[in-house]
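One structure coming up, written as structure tokens, with questions to follow.
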Amino acid sequence: MKIFFAILLILAVCSMAIWTVNGTPFAIKCATNADCSRKCPGNPPCRNGFCACT
């Protein structure tokens, strides 16, 4: 049982690390570039109605 929980913990940490590297795990809708600058770090542009930080 300890091995099972260890594997779950490793998977959770890895998934959080991937989300951190790639930005948010969900799409952020926007109308202008200013919307993205408030919602995402690094002031990404708004492309096709979604922020480029995703």
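In case you wondered, yes, glycine gets a Cβ from its N, Cα and C as well.
Pasting the relevant annotations from Swiss-Prot:
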type     : residues    : note
DISULFID : CYS30-CYS46 : disulfide bond
DISULFID : CYS36-CYS51 : disulfide bond
DISULFID : CYS40-CYS53 : disulfide bond
SIGNAL   : 1-23        : signal peptide
Take the Cβ of CYS30 (disulfide bond) and count every other Cβ within 10 Å, whichever protein chain it belongs to.
23
Can you name the residues of this chain that are 6 or more positions from CYS36 (disulfide bond) yet have a C-beta less than 8 Å from its C-beta?
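The list for CYS36 (disulfide bond) reads ILE28, CYS30, ASN43, PRO44, PRO45, CYS46, CYS51, ALA52, CYS53, given in order along the sequence.
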Whose Cβ, among the disulfide-bonded residues CYS40, CYS46, CYS51, CYS53, has more other Cβ atoms within 10 Å than any of the rest?
CYS51
Three states by DSSP: which one describes CYS36 (disulfide bond)?
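The three-state answer is helix.
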